[in-house]
Amino acid sequence: MAATSPCMIAVLRSSRHWRVRPTATLPPRPRTLPRLHGHADAPTCCLAFSSRPVFTAPANLRRRLIAPSPAATGGGGGGQAATAPSGLPSPVGIAHLLVSLGIVLASDKFLKQAFAAASIKFPSALFGMFCVFSVLVVLDTLAPALAKGFMDFFEPATLFIQRWLPLFYVPSLVVLPLAVRDVPAASGLKIFLITFGGWFASLMVAGYTALTVRTIVKTQLIPAEPMNKPSPFATLEFWAWGAVFVASFAVAYVSPTAFGTTAKTCLPFLLASTVLGYMVGSGLPSGIKKVLHPIICCALSADLAAVAYGYLSRSGVDAVLGDYLTKAPSNPGAGDVLMGFLGSVIISFAFSMFKQRKLVKRHAAEIFTSIAIASTFSLYSTAILGRLIGLEPTLTISILPRCITVALALSIVSFFEGVNPSLTAAVVVLTGLIGANFVQAAMDKLGLNDPIARGIGTASSAHGLGTAALSAKEPEALPFCAIAYGLTGIFGSLICSVPAVRQSLVFIAG
């Protein structure tokens, strides 16, 4: 220890686990210290002398002496700031989510009421999306810091919607047994043929259109803005929803009208069964997901809960499914709560499109041309196929927006008379499931190897479910999937809002 430096002795003495007893006299301290490397305000023991070798402490001592950085402990900035050390959201993070999501939901509800009072048929949420996107563009031009703050404020809401997005599509699939009861088996087979054949045709049209435009404009592909991903499901969430299911099921069994009506009483356990099915389905191995997609698992879980309660309460499964989706604001069911988020899904498109605005601007020719042609083709080809194979006109009209996300597909069919919205939602989900399972192999066979063509083709033919399946294995195509996913529905809604287009579709369908 005779050669031990004063700096090292100070370090060892400051550690509660080490005691140092010098065994020899220390060399006299020089009047002028050699030049040090490091910041002038840094602790002396952390600086290295340039004129003598640096003494390196043992590894176990260094681990005790070095304080963990904020980034390592989750105390840094960004998305970790709202997370408690236990991994659960902090109270501040929960409050931030509730406020931001509440504003989005309130805005959607206000626009719905305003459009209904003014007898405007145009989708109110789509108008809201355009407003939010316009505000972001103006703020980004005048005060970029305000635009960033606006985006950061609503990020918890957009991540929440992204995390639970498939749940909002499920209610119409859960009540599908009621919706297709009056549909003949022959018509059901025709609908399946149109859905599968139409998906493949839409994929070809969108993909090859994008390739053709890419060949003409020859725009170089640039990296996209990174997209934040929602957090995975925690074990505590699963057990919490399980407890809600058991407790509320018992309450509904003992007192079917405990909360005033059967729909309100059944709401908690039906909602919990839907959420639990989605959590279980999301955690299945990828091989099983190809057969049992999380959305299918989710719908089956809710249906099984409805069957169990209908049997035990002797009310029948039809009555329970009727309580699942009442479509009555004064007496909502679990499905009404979930579908109440569909307008917010559309509004949230504004944030994702704004984040990728540079990519949209650079590849505007490929994106907008492909989407316009593919969306128009999808609508009119469905009407033509339905007429050719003799499908009932009302059923043909109900499945027109088969390649458009549920949130906007239901708005589109509301333009028409005598449609079956539950059938619309079911066909949209079926299209997405077909795309999720076969889109990559189909594009490989068709020679669609360009990331832009693959992204646009997938989203334009199989919307969100196809997008999720492709982005898991081809992240370079994700930005174009996300852009085309929203714009396909937007363009379809815009052209269907034109009376002449609606009349032509009805005429073709018969």
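Here the Cβ of each residue, glycine as well, is placed from N, Cα and C on the backbone.
Remember, TrEMBL labels are computer predictions, not curated facts.
The transmembrane segment annotation in TrEMBL covers 125-147, 159-179, 191-217, 238-255, 267-284, 291-312, 332-354, 366-389, 395-416, 423-443, 477-501.
Only sequence-distant pairs (6 or more apart) were considered; of these, at least three Cβ pairs between the transmembrane segment (423-443) and the transmembrane segment (191-217) are under 8 A, so the stretches are in contact.
Contact between the transmembrane segment (395-416) and the transmembrane segment (332-354) holds: at least three of their C-beta pairs are under 8 Å, each pair 6 or more apart in sequence.
At the 8 Å Cβ cutoff, the transmembrane segment (366-389) and the transmembrane segment (332-354) share fewer than 3 close pairs (sequence separation 6 or more) and do not count as touching.
Within the chain, the transmembrane segment (332-354) has long-range Cβ neighbours (under 8 A, six or more residues past its boundaries) at 101, 104-105, 107-109, 111-112, 123-126, 128-130, 132-133, 136-137, 140, 147, 151, 154-155, 157-158, 161-162, 164-165, 167-168, 170-172, 174-175, 227, 263-264, 266-268, 270-271, 274, 302, 323-326, 360, 405-408, 410, 482-483, 486-487, 489-490.
Beyond its flanks by at least six residues, the transmembrane segment (477-501) meets 121-123, 126, 129, 206, 224-225, 227, 346, 349, 352-353, 356, 359-360, 363, 367-368, 370-372, 374-376, 378-379, 400-401, 403-405, 407-409, 411-412, 415, 451-452, 454-456, 458-460, 463-464, 466-467, 470-471 of its own chain at Cβ-Cβ distances under 8 Å. For the transmembrane segment (291-312), same-chain residues at least 6 beyond its ends with a Cβ under 8 Å from one of its own Cβ atoms are 166-167, 169-170, 173-174, 176-177, 245, 249, 252-253, 266, 269-270, 273-274, 276-278, 280-282, 284, 318-321, 324, 334, 429, 432-433, 436, 465.
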